[in-house]
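Taken from Swiss-Prot, the feature heme binding site applies to H121, Y125, supported by sequence analysis. For 1-7, the entry in Swiss-Prot reads topological domain 'Cytoplasmic'. What Swiss-Prot records for 29-148 is topological domain 'Periplasmic'. What Swiss-Prot lists as transmembrane segment is 8-28.
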Amino acid sequence: MTRKQRRLYFVLLGMAALGGAVALVLTAISDSLVYFYSPTDIVSQRIPEGRRMRIGGLVENDSVVKDGKTVTFKVTDVTNAVPVVYTGVLPDLFREGQGVVVEGRMEAGGHFKASEVLAKHDENYMPKEVAEALKKSGQWNDGKQPKQ
């Protein structure tokens with residue numbers, strides 16, 4: 001093998017290794033991304049089961065059912081609602097009519113299996129994603145929560 005061929009071989013090998021490393025990094029990044037959806041987005045789009053995501057909205061009035069450590073409730077953007085099942089301890093500020101962001105996966109039957117529930121921290125705060133979803137659906141009332 002001549003010197004020129006050897007150099008070309010190492011350059012090609014280096015480019016292949018770099019391409020493989022970039023592919024691994026991109027795969028890791030795409031696996032760790034968590035997309036945000038409103039209940040209307042979930043109802044109007046075909047969301048694949050098992051995909052990790054966040055849903056934001058308000059806890060629908062009269063929808064919270066506690067059964068031991070398992071809690072079932074609905075997250076709504078006033079236009080549509082998504083049933084959520086969560087097993088664990090809820091945040092102290094979790095209650096009906098309050099803003100919430102839940103992280104988890106869609107499951108068969110159209111319910112959302114939450115692994116984490118995040119509640120807003122005071123009556124004036126609305127998570128950015130929830131506020132944008134309410135504005136998009138036309139339910140935003142100048143920073144105040146919509147009436148259900």
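Our numbering is plain: 1 for the first residue shown, then up by one each step along the chain.
Glycine too: its Cβ is placed from the backbone N, Cα and C atoms.
If you look at the transmembrane segment (8-28), the same-chain residues 6 or more away from its ends with a CB under 8 A from one of its CBs are 1. Looking just at the topological domain 'Cytoplasmic' (1-7), the mean pLDDT is 88.
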